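Q: Dumping what TrEMBL says about this protein:
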- 271-290: transmembrane segment (TRANSMEM)
- 302-325: transmembrane segment (TRANSMEM)
- 337-359: transmembrane segment (TRANSMEM)
- 380-399: transmembrane segment (TRANSMEM)
- 436-453: transmembrane segment (TRANSMEM)
- 465-484: transmembrane segment (TRANSMEM)
- 519-563: domain 'RING-type' (DOMAIN)
């Protein structure tokens, strides 16, 4: 009786367990059916693209297929046509067979398990032989990333020309993209730029109009020994095809894309190192300016310096101050570094160079110092208006002709030429200190040589060795002429036949050779029987020791006896 009594209550419990298991089985089956049903159209699309073998490919690094990878980021690599003999059957302007490429992707999860929605931009550099746009050919794409199989399937975005979506916010705020925008290598097109591209590169718009662009790629993880940071890096390898809409052949031959994700931390470190370099260079320029201001601390010495030369350097430093401040605002995580560099450039520009500019301006108008304050304030306001007007006009000019930024930089780096011309016209004697000439020449070359010459800079600008060599030779030639003017004379390279007549302070004396007079500078007697080079005579027939009068003219260009103006020595 006891065993039978125990068996009786167990039958409902067993039935409840069987019912619960049946319900759980249906629930798990339903959950499993949803992703499988969602993946079925993607599998069929993969078969239609003829790349089904990629779905069953195993990961080379042995990572479990269930681990989820975040492919959001910037990828940099190369592109190339598979068939180099016939790159394009429809667009013969596709002359080049390979080049560099940049891919920017943003991935967001979807309701389908294992599938992410991906949106981005593919940028092709070196597409045309006559390509003038610095941004290259840009194609906006969208598609899906099937992370269990590491597959990426994308097509050309149908929303071209529309408003940016929320996914575009990442692309626009990507630090690497923003640094590229800031360096004018990759920038978002304005309506005026689009009109210009439509006029000069109509082939790109024909591709968007007459072609369907399909892209299938396999994503793999870069091994840890190749990764230069803590964040995981990924490698993307895929095939891009473009069948024609009218079904009369492919628009261009299939091309292969290989790209590796960039570690943004590396670019952060490079940007910080760059700002440290700019800060150090600015500190050196402050020391050089102080040395030059001490060299020309007199009214006569300041009047020998070209105000255009100092003003041009002040405008350059003002541009660098604004550029670094803009970069810090764009990339918020680098604001402190760029703001520091911008602050030092502001100190160089607003405190030292503007102060020196005012000293030169005041020394060049000594006869007006006795005028009223209203006249001086009016002339000073005209000086400031011209300076800031040229500053703003230069910004508009560079924006309008941003495709010709390198010739504009060559024009900016001709700041020694006004001083060379001033030395020749005024026959100035040693207006600049040699240390200032050499130091400013070297420090001014630091930024352009880094931007256009360093192959591993943090900006997206391809190095141009020839342009850097031309810039170095150009500014080096200017500095060499200034140094030769310092040691050989300001008109050493001009033939004497075309030089104007110059007053000689060592002219023959009409007085009796036994005549003696006193030098009013040192209050000692002048022996006229000595060598003629020991005595100098002014146009007003006053006699002085050569050394005394030369030191006097370094301070004031007027006769110590009668206060008449003196010609250059």
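The backbone N, Cα and C atoms fix where each Cβ goes, and this holds for glycine too.
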Q: Roughly where does the domain 'RING-type' (519-563) sit in mean pLDDT, to the nearest integer?
A: 81
Q: Do any residues, 6 or more residues outside the transmembrane segment (337-359), come within under 8 Å Cβ-to-Cβ of it, and if so which ones?
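A: Non-local partners: 271-272, 275-276, 278-279, 282-283, 285-286, 289-290, 292-293, 302, 305, 307, 310-311, 313-314, 317-318, 320-322, 324-325, 327-328, 331, 380, 387.
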Q: Reported in the order helix, strand, coil, what are the DSSP residue counts of the domain 'RING-type' (519-563)?
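A: Secondary-structure breakdown of the domain 'RING-type' (519-563): 13 helix, 12 strand, 20 coil.
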